[in-house]
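Chemist: This is the structure, below, for whatever I ask next.
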Amino acid sequence: MTAMKGDSEDSIESMRPSNLQVFANNSTLHGMSHIFAYGHMTFRRFLWTLSFMGSLGLLMYVCMDRVYYYFEFPHVTKLDEVAAPNLTFPAVTFCNLNEFRFSKITKNDLYHVGELLALLNENYQIANPHLADPEVLTLLKEKASFNGFKPKQFNMTDFYNRTGHDINEMLLQCSFRGEECFPLNFTTIYTRYGKCYTFNSGLDGNPLLTTLKGGTGNGLEIMLDIQQDEYLPVWGDTDETSYEAGIKVQIHSQDEPPFIDQLGFGVAPGFQTFVSCQQQLLLYLPPPWGDCRSAPMDSEYFSTYSITACRIDCETRYLLENCNCRMVHMPGTSTVCTPEQYKDCADPALDFLVEKDNDYCVCDTPCNMTRYGKELSMVKIPSKASAKYLAKKFNKTEQYITDNILVLDIFFEALNYEKIEQKKAYEVAGLLGDIGGQMGLFIGASVLTILEIFDYLYEVLKDKILGSVLRKRRPHRSASDNLVIVSLHDFKISSVFLLASYMCFVCYIVLLNAACVYLPFVVGSNSGK
């Protein structure tokens, strides 16, 4: 009887869920039933064990390769042509390459800025008079006669505003989409070229202009007089004088200020210049997938971040730190540099910053920006047939028309825009899909297989740690029957532990996904700081 009882208990023990052979023979994990088959160790079981371990090793290698690839945060670039019913016309800023009109410079102006403009030397005498035209030299001698002269207070902002080229005199003709436009449609703005003007700036309170068609005649067309007879005589190398004649133009978004001295293109007199544009919407990824800046701009001058706003803000701070003043075109309410500060500090400091200092002004690319691709073509104006007509129309000589008149025609090539977007090449879903596919290929496992392993570990934990407690509470069986009687209390405990195990598994999956999603971003952000 005792032997029969022992055999019965061994049989029951071998059928426990925590028994490894029971688990292996019931698991969906491929190869486990052959490795832990009942009976003695055989060569066949050894081969199955070797194959399983080899497959498991390959699985770990491939999974680690996928994980490493994910943490490289790769991205791809998507290019798309998007048709639109209408497009917002860009802001168009232009500046005369000559900053100051010679006829508007007074004796007091010349006294204060003569040396800055290389018109006078340090002794307030005309520099290089042999280089001047007779008419210019005569006018300059009258203004440079300082005997008994008492200088008045001088203001650089007023000087730039008063002597800069006036759009009411420069603008000869203007049309947008075939309708006439006027100087009032242009906003005055200051750049390093002095007094400039922006069409469709959005700063005058008027709604932004749109275009409904592509091609010439559906954009902005202006005829300008660059007024070369007002150009300052050039007798030396300064930042305030120019060797060229014409205008500098920048086509930009209304969300960014013009940076025309660095990003503008030139338009020469005597030509009609056609500028065919295409709007480009650029979308970049933030760290760790890309290098763009998604944070708002930390500036007291600009609310919207852009590369040009960042550079202007940086240049302003650089001059305030090194010269204790700002240039006229720079934002803010700080003290404007005097002519002496311009010559001795501001101009040299800004030139050094732009040309040589590559570490001070480091501006990240914004995550969302609009750019305009351009194609330029030119034709000669005036033609021989129109020269006399234009001379009569504007009451000028034919030579003046050739030397001073230009036409600028800006339009969209077509009513569509390019969308260039960076996208994540490998996301969490792809990582989990690859790992799941490799698990199925090498060991035939799935998420439910992992659940089986958790369930088995729960059974082992219950038998090893709680077995003694459960056996003490198990009711005694009579020797006359083989029925196993389980109390309701034991069933409740088992159910609670099983539910807790499943909840732990669910939490594990959730935490794994959260770690995959948020940990890379946190690591990337900390490394960026």
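These residue numbers are counts, starting from 1, taken along the chain as shown.
Note that Cβ sites are derived from N, Cα and C of the backbone, with glycine treated the same way.
Below are the features I grabbed from Swiss-Prot:
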- CYS95-CYS196: disulfide bond (DISULFID)
- CYS174-CYS181: disulfide bond (DISULFID)
- CYS292-CYS367: disulfide bond (DISULFID)
- CYS310-CYS363: disulfide bond (DISULFID)
- CYS314-CYS361: disulfide bond (DISULFID)
- CYS323-CYS345: disulfide bond (DISULFID)
- CYS325-CYS337: disulfide bond (DISULFID)
- ASN86: N-linked glycosylation site (CARBOHYD)
- ASN155: N-linked glycosylation site (CARBOHYD)
- ASN161: N-linked glycosylation site (CARBOHYD)
- ASN185: N-linked glycosylation site (CARBOHYD)
- ASN368: N-linked glycosylation site (CARBOHYD)
- ASN395: N-linked glycosylation site (CARBOHYD)
- GLU81: site 'Involved in channel desensitization' (SITE)
- ASP357: site 'Involved in proton-dependent gating' (SITE)
- 1-51: topological domain 'Cytoplasmic' (TOPO_DOM)
- 69-427: topological domain 'Extracellular' (TOPO_DOM)
- 459-529: topological domain 'Cytoplasmic' (TOPO_DOM)
- 52-68: transmembrane segment (TRANSMEM)
- 428-458: transmembrane segment (TRANSMEM)
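Can you tell me where each of these features sits in this structure?
Modeler: In the three-state DSSP classification, CYS196 (disulfide bond) falls within a strand.
In the three-state DSSP scheme, CYS181 (disulfide bond) is classed as coil.
Within the same chain, the residues at least 6 positions away from CYS367 (disulfide bond) whose Cβ sits under 8 Å from its Cβ are LEU283, TYR284, LEU285, PRO286, GLY290, CYS292, ARG293, SER294, listed in sequence order.
In sequence order, ILE307, CYS310, ARG311, CYS314 are the residues of the chain that are 6 or more apart from CYS363 (disulfide bond) and have a CB within less than 8 Å of its CB.
A simple way to gauge crowding: the CB of CYS314 (disulfide bond) has 16 other CB atoms within 10 angstroms, across all the protein chains here.
Annotation note: CYS345 (disulfide bond) sits in a helical segment as assigned by DSSP. Cβ contacts within 10 Å of CYS345 (disulfide bond), excluding its own Cβ and spanning all protein chains shown: 17.
The Cβ of CYS325 (disulfide bond) has 18 other Cβ atoms within 10 Å, all protein chains considered.
Within 10 Å of the Cβ of ASN86 (N-linked glycosylation site) there are 10 other Cβ atoms, across all protein chains.
When Cβ atoms from all protein chains are considered, those within 10 Å of ASN155 (N-linked glycosylation site) total 13, not counting its own. ASN155 (N-linked glycosylation site) carries neither a helix nor a strand DSSP state and counts as coil.
Under DSSP, ASN161 (N-linked glycosylation site) is assigned to a helix (H, G or I) in the three-state scheme.
Sequence-distant contacts of ASN185 (N-linked glycosylation site), defined as residues of its own chain at least six apart whose C-beta falls under 8 angstroms from its C-beta, comprise CYS174, PHE176, PHE199, ASN200.
When other Cβ atoms within 10 Å of the Cβ of ASN368 (N-linked glycosylation site) are tallied across all protein chains shown, the result is 14. The secondary structure of ASN368 (N-linked glycosylation site), as reduced to three states from DSSP, is extended strand.
The number of other Cβ atoms within 10 Å of the Cβ belonging to ASN395 (N-linked glycosylation site), over all protein chains shown, comes to 7.
In the three-state DSSP assignment, the secondary structure recorded for GLU81 (site 'Involved in channel desensitization') is strand.
Under DSSP, ASP357 (site 'Involved in proton-dependent gating') is assigned to coil, being neither helix nor strand in the three-state scheme. Every protein chain considered, the tally of other Cβ atoms within 10 Å of the Cβ of ASP357 (site 'Involved in proton-dependent gating') stands at 11.
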Chemist: Give the sequence-ordered list of residues that share a chain with CYS323 (disulfide bond), lie 6 or more positions from it, and have CB atoms under 8 Å from its CB.
Modeler: CYS337, GLN341, CYS345, ALA346, ALA349
Chemist: Restricting to the chain of ASN161 (N-linked glycosylation site) and a gap of 6 or more, list residues whose Cβ falls under 8 Å of its Cβ, or answer none.
Modeler: LYS195
Chemist: Which one is it, among the recorded positions GLU81, CYS181, CYS361, that lies nearest to ASN368 (N-linked glycosylation site) by Cα separation?
Modeler: GLU81
Chemist: Using CB atoms and a 10 A radius, I'd like the single residue among the disulfide-bonded residues CYS196, CYS292, CYS310, CYS361 with the highest neighbour count.
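Modeler: In terms of Cβ crowding, the pick is CYS196.
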Chemist: Take the C-alpha atoms of ASP357 (site 'Involved in proton-dependent gating') and CYS95 (disulfide bond) and report the distance between them in angstrom, rounded.
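Modeler: Rounded to the nearest whole number, the Cα-Cα distance is 26 Å.
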Chemist: Hey, how far is CYS95 (disulfide bond) from CYS181 (disulfide bond), Cα to Cα, in Å?
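Modeler: That comes out at 18 Å between the alpha carbons.
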